């Protein structure tokens, strides 16, 4: 596609300044939202840059996203005649706010929510977590005379690897009755 030199330069300036570019996948959009050129020209120029590995492309939710690579930075520096100390915004270090560092002196601030002395136990209402009475009483469970029995052979055939399936007898010599 033939793209005018002015439009090509505008797209390249924006891409180098930000380090990233996006475009909605709408080939009939008359103008890109951030650059004063047709959206189709942005998409086609970025496709060309992608084939030359100047940008890396991601597509999500009907939008293209292009990220400038190191080769692309070098190419755009020469194309736009920029000095080597000028870098895209994605490579600039962000200024950290001058706040307190993590940690600090231990008695400097109160940790956790404010507490009043002795109004609740240390672990809250978790005392009864395991349930049941806390004495040496008889524990709940099966009675002492409980004899569990499992149906084998009689009744219904086993399930899965249970009793051989389809009420078949155990193979002879297997050691099973």
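Here the Cβ of each residue, glycine as well, is placed from N, Cα and C on the backbone.
As given in Swiss-Prot:
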type     : residues : note
REGION   : 90-177   : region 'Disordered'
COMPBIAS : 108-140  : compositional bias 'Basic and acidic residues'
COMPBIAS : 141-150  : compositional bias 'Low complexity'
COMPBIAS : 151-165  : compositional bias 'Gly residues'
COMPBIAS : 166-177  : compositional bias 'Low complexity'
_Cβ under 8 Å, sequence separation of at least 6 from the ends of the compositional bias 'Low complexity' (141-150): give me the contacting residues as numbers and ranges._
none
*Counts by DSSP class (helix H/G/I, strand E/B, coil) across the compositional bias 'Low complexity' (141-150)*: 0 helix, 0 strand, 10 coil
